[in-house]
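In Swiss-Prot this protein carries:
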ACT_SITE  Ser554  active site, charge relay system
ACT_SITE  Asp641  active site, charge relay system
ACT_SITE  His680  active site, charge relay system
MOD_RES   Met1  N-acetylmethionine
MOD_RES   Lys157  N6-acetyllysine
Amino acid sequence: MLSFQYPDVYRDETAIQDYHGHKVCDPYAWLEDPDSEQTKAFVEAQNKITVPFLEQCPIRGLYKERMTELYDYPKYSCHFKKGKRYFYFYNTGLQNQRVLYVQDSLEGEARVFLDPNILSDDGTVALRGYAFSEDGEYFAYGLSASGSDWVTIKFMKVDGAKELPDVLERVKFSCMAWTHDGKGMFYNAYPQQDGKSDGTETSTNLHQKLYYHVLGTDQSEDILCAEFPDEPKWMGGAELSDDGRYVLLSIREGCDPVNRLWYCDLQQESNGITGILKWVKLIDNFEGEYDYVTNEGTVFTFKTNRHSPNYRLINIDFTDPEESKWKVLVPEHEKDVLEWVACVRSNFLVLCYLHDVKNTLQLHDLATGALLKIFPLEVGSVVGYSGQKKDTEIFYQFTSFLSPGIIYHCDLTKEELEPRVFREVTVKGIDASDYQTVQIFYPSKDGTKIPMFIVHKKGIKLDGSHPAFLYGYGGFNISITPNYSVSRLIFVRHMGGVLAVANIRGGGEYGETWHKGGILANKQNCFDDFQCAAEYLIKEGYTSPKRLTINGGSNGGLLVATCANQRPDLFGCVIAQVGVMDMLKFHKYTIGHAWTTDYGCSDSKQHFEWLIKYSPLHNVKLPEADDIQYPSMLLLTADHDDRVVPLHSLKFIATLQYIVGRSRKQNNPLLIHVDTKAGHGAGKPTAKVIEEVSDMFAFIARCLNIDWIP
């Protein structure tokens, strides 16, 4: 590889902060101001090296052409019924945003109901959340611009898809819950703040409040229904009970799967909703999660992890709510995790479990909890479901590494509850029968068995010669289940690659126990698990260190950056997308304070001791051995990422280039690409997705000398 001339970047050696008696230098703290001329010049100088490097990758054009060709397949959501109509999302293939369609019946003609593509020239305005009124006659929907988490809520009359004048601003991380009379909707908003709020700012998000908006009135008249002046981090989302009588308020403080649960009986609000509601504090601690399923009168069914890390269903009678009186409806499974539950046809429950990172779907009886039926499913994930208490049918969508999607429909009024294939999608150009998926369990450093999926062409020789792409996340109780990815399958098909997904601790793959095994003082387990995944792939002959790429985004960006610092010898290439890199300061920006439940917070001496040991920004060092250099690294971020603000990646790349990049033995590139009019990832237009994956895989091909296989 060629050596790189990186930009000269100012280091402020006087920027020193004292953490519990430890002096920590932060020479690139000036990059924390996104609007300064200096930061803008830094971004421009970095993109000036990276963009040509990516464009000169011989494979980039071939990859982009193939991606554009193969990604051009129809993408459907499940149909869902609202009032008397059916709705579904559909993308013909390469549309920037999927379109919402309406039908009067399943056989009826489909009409466009809402097309976000006409709201911008470049597809950067995206639908972010929506809610229909109970009778299906009114529709509220959130729009976000350029990938920001900030949302503007608008309203439509469903009949004739007529736009209404109501507009709600300063909305973020919001519920959308209509009262059943259709007169208005609960939502969340933040107070006005100094400076801008367009997704390029870094100011912290505190004091979220719950409001009720009456349709046809101005936002300034909205009714404040809940606020927590003494608890600035609390966020309270509202939901209406199935019978419309109760408002349930779920209060969260961070990202842990725990919440308080307050409720208000709307029949007690004799004058309607006029101010702060009369909240009854059913659960007033953060010792478990309570997820509302349905209720029969005052008996409420919740999915909970209270004394059940794999989750169970309990009934709580609001007239006698003592914990000793709670009844177990469906007990916790000893191994499988209960992921979600829905009530349908008034007396059925649909339960979705995760069994060794593969979904299973079951039908239970609401009155007794008894198992009635197991729906047949291949090995893979349930990625879509629709069916509410008043519906008599369900739709669910299945996907896997090699199947783009099958939607099933089941009519629950029939004697034989047999689901039928409602819609199946195929991708022309990739023959699934040429490839295989295996799941293995490898030992981590402490002996814990970690699951990993491996996808590759059938019949390959395990001689260590193949490029491999290892993906991981490992945080926030999020399970990484099989999903269909054209971009990764192109790597397998045209770059002779092996795809691996490691289900490391910190995720929710085996419930709250698995999550807790990879957070706070145990965070190093995530990095050990991931490094052991790499070692397994190498030992078994799938790949070799110089042919191995690791990739992750957000918390997964933290993962791969930390692994590069800890084991630079183990990987050939690292692609870190929108990563959390400064573990001492992350809690100071936008919604970062919510992640202290997983990471801890440097304000605490004990937490500081954990964080300083692995924080990517603070652990960059030149490898001592002469024959070891850092892997090729590409950091990706964007100007409107207000979830993980870009300063994380900017400060990290400056540090890498200074400490490692100036060394004569460092021939592998250390680069960053900062996109514009893009954010953390949600709602990213197809055109940008194609550019991004073309950059990623072109970088891998160029750095690891991979040839294109026609």
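The backbone N, Cα and C atoms fix where each Cβ goes, glycine too.
These numbers come from a predicted model, not from an experiment.
Where Swiss-Prot records a feature, it is marked here on the structure.
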residue	record	Cβ contacts under 8 Å, 6 or more apart
Lys157	N6-acetyllysine	Glu137, Tyr138, Phe139, Leu164
Ser554	active site, charge relay system	Tyr473, Gln577, Val578, Gly579, Val580, Arg643, Val644, His680, Gly681
Asp641	active site, charge relay system	Gly147, Gly199, Val578, Ala678, Gly679, His680
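When other Cβ atoms within 10 Å of the Cβ of His680 (active site, charge relay system) are tallied across all protein chains shown, the result is 22.
Under the DSSP three-state reduction, Ser554 (active site, charge relay system) is assigned to coil, being neither helix nor strand. According to DSSP, Asp641 (active site, charge relay system) sits in a coil region rather than a helix or strand. His680 (active site, charge relay system) falls within neither a helix nor a strand when secondary structure is assigned with DSSP, and so counts as coil.
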